[in-house]
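Peer 1: Okay, so TrEMBL annotates it like this:
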| type | residues | note |
| --- | --- | --- |
| TRANSMEM | 20-42 | transmembrane segment |
| BINDING | H38, H79, H129, H167 | heme b binding site |
| TRANSMEM | 62-82 | transmembrane segment |
| TRANSMEM | 111-134 | transmembrane segment |
| TRANSMEM | 154-173 | transmembrane segment |
| TRANSMEM | 193-212 | transmembrane segment |
Amino acid sequence: MSLHNVTLHVPPKNKLSGRLDVLMMVSGFLLAVFVGMHMLFVGSVILSPSLMNGLAWFFEELYLVQIGGPLILLVMIGHFILGARKMPFRQKEYIAFRAHSKMMHHQDTTLWLVQVATAIIILVMASIHIYTMLDTLPITAAKSAARIQHGSWMPFYIVLLAAAAIHIVIGLYRIGAKIGFVTRANRPAYRKYMVYLLVATAAISFLTHVRLSLLSI
Ligand code: HEM
């Protein structure tokens, strides 16, 4: 396979493409910050359902949920479209991508494929989730507990959380490598931090689910 065919899935590098790459990194970073804060917000129920209710009331009084929710959805769709420029959607592109991966034997291409798969899962599931949240305002710990206890929302959230956590950890790692934060020398240390981040996210989410499952409604 010629080099031309092998690099088919990569868009041509020019000034615009570079700017779109920066936009993708910035939007990805902002979304990661949002998801981190969101986990802490929902996780506040672990300390006390009143705390979660109070925070939800505060955000809704300021219209942060009503305006922020659709805004997050838009940023997410924009971020996906920016990433989709490089996704191997066509069969020819996918074959070229596979050949590239095999040839390079590089972990980066595998990580990137994981990013593509998790991005599609997040786009579909987070859209459903945000729509459901905005359609059933106000947010209360009791309503969240009812969803977890009586619906199929728990498995839904577990899949969404796994996809989001993996996508964010790999994304942050790749941003770090691109801007030179993660170097060959400190790479093992950063990999370790990323595993800590995954474990901490899983632990907070686990406790959140336990608390919501045990809440009397
Ligand atoms: C932007 C508007 C959003 C609002 C208002 C919101 C609100 C909430 C609320 C109230 C819960 C508690 C469970 C429930 O009530 O059913 C929850 C859970 C959850 N949300 Fe969101 N969410 C938003 C966006 C997102 C996004 C963009 C993601 C991921 C990409 C996400 C991932 C999750 C996950 C995984 C849970 C389960 C709890 C956990 O595992 O810690 N949410 N969300």
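Keep in mind that glycine also has a Cβ here, set from the backbone N, Cα and C atoms.
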Peer 1: Tally Cβ pairs under 8 Å between the transmembrane segment (62-82) and each listed stretch (20-42, 111-134, 154-173, 193-212), then give the stretch with the top tally.
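Peer 2: Highest pair count goes to 111-134.
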Peer 1: Consider each pair of residues in H38, H79, H129, H167, all listed by the record as binding heme b, and report the largest Cα separation in Å as a whole number.
Peer 2: 18
Peer 1: Given H38, H79, H129, H167 as the binding-site residues, which ones have a Cβ positioned under 6 Å from some atom of ligand 1?
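Peer 2: Close enough to ligand 1 are H38, H129.
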Peer 1: Please work out which recorded stretch in 20-42, 154-173, 193-212 has the most C-beta pairs separated by under 8 angstroms from the transmembrane segment (111-134)?
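Peer 2: It is 154-173 that shares the most Cβ pairs under 8 Å with the transmembrane segment (111-134).
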Peer 1: For H38 (heme b binding site), list the number of other Cβ atoms lying within 10 Å of its Cβ atom.
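Peer 2: For H38 (heme b binding site), the 10 Å Cβ neighbour count is 12.
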Peer 1: Among the binding-site residues listed here, H79, H129, H167, whose Cβ has the fewest other Cβ atoms inside 10 Å?
Peer 2: H129
